[in-house]
């Protein structure tokens, strides 16, 4: 055996074994991988259509999340709920999401991305609509928890989308698809301005399932990931999907045979804790936790601080406490307008991050967003007016939104196909833990101390900035890894009888012959 540098699939063709006296010739076998095909096909019409369909999942997720900050004041007044009961309504949604995120990641790795996404959206549509008819507090808890269980699979849309993107476009495209999240959040506020004064919160809940209805109608068009099909040994289906994409984009397929690397074991949690991925997994879990903790915290703080009235009195008194435990304030038109302005911060956050994510890398972009969020929170410790409050909350939300989206870019890039959906699912699950805890800080702890509440968010994000810089792998400019065992180390063996020249690819502890 003679060890040589790694070969691309296109180099696995006619080879002359020049190190042998007889100049043996290797057989001509033109092979290509899914990665080669995706790069050759490029970005085109198919990816634009896929952006819209997968983007509907993000719209649904954003609307179901945004409705929490709108629903809480309304139910507080209508059902005379305490601040703890209001926080529990928010938390049960994230409990459901946390329970389903890892489960749906496992389903998507074992049975397919399309199947997992479809189940989640149908589930969310059904229970989201039913929650509009909740008669009492107990029912709203149960039904919103079930909605959370369904929406927990929404991040898998990024897993599917990323697996159809060429390397140079991946970061930009994943960032751009997050525009659907921003559109969903803004649309929910506009819907609330239109619906709440006349029809009430039940109509708002019912109409908020619109993106899931559209997705369910379009999901028959959605293809399964070609990378997943190759991994399960369904090479013909993967090839048909790639040909369909090539036809849509008006490009030609690579010549030769599609290489399939079938793996029976997929979606195992222990694969995330191998020496190669252990550090990455743990750091990413904390980064996702901090992102969700800060993002949903600033969303909930927005309505809480806007409703406080005399903001200087709030910061000087260091607490927010109504004169009566059942005292309530409905959201006014001015509150909705300010909520709309801070929600619009999603857009500049995305575009700012879009400018840096492919220039300074994923890790530095994450750290930058966390640090800038903390800096924007600091002025809230002082006595500031409502306009200044709106500006700083706008900026803070812009940066934490950007950081959240960079995490969505980095996570599917760093994990291999066999555990990519599970890596995304478990990371999303940790984000839901952060989102579950944040209502008790933004809605409960805030009643005790504004200063302590703001300090918790600043400290958490500064720690996350450090964790971002400690990530061991920078994925900028790297292709998606098909298997955790693929090291790219190849060995060519030429038999002395002159009958064969074989390429052996070393995959960690095992050797596979191509």
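For all residues, glycine too, the Cβ spot is worked out from N, Cα and C.
TrEMBL: automatically predicted annotations, no manual curation.
The annotation transmembrane segment is assigned in TrEMBL to 50-72 (among others).
Look at TrEMBL and you will find 50-476 tagged as domain 'Major facilitator superfamily (MFS) profile'.
As annotated by TrEMBL, transmembrane segment applies to 84-103 (among others).
Under the heading transmembrane segment, TrEMBL lists 115-133 (among others).
As annotated by TrEMBL, transmembrane segment applies to 139-161 (among others).
Annotation comment: TrEMBL describes 173-195 (among others) as transmembrane segment.
Remote same-chain partners of the transmembrane segment (201-222), defined as residues 6 or more beyond its termini with a Cβ less than 8 Å from a stretch Cβ, comprise 49-50, 53-54, 56-57, 59-60, 63-64, 67, 70-71, 74-75, 78, 114, 117-118, 121-122, 124-125, 128-129, 131-133, 160, 184, 188, 191-192, 195. Residues annotated as transmembrane segment in TrEMBL: 201-222 (among others).
Under the heading transmembrane segment, TrEMBL lists 282-301 (among others).
For 339-357 (among others), the entry in TrEMBL reads transmembrane segment.
If you look up TrEMBL, you'll see 369-400 (among others) marked as transmembrane segment. With a threshold of 8 Å between CB atoms, the same-chain residues lying at least 6 positions outside the transmembrane segment (369-400) that come near it are 290-291, 294-295, 298-299, 301-302, 305-306, 311-312, 315-316, 338, 341-346, 348-349, 352-353, 406, 450-451, 454, 457-458, 461-462, 464-465, 468.
For the domain 'Major facilitator superfamily (MFS) profile' (50-476), the model's pLDDT averages out at 81.
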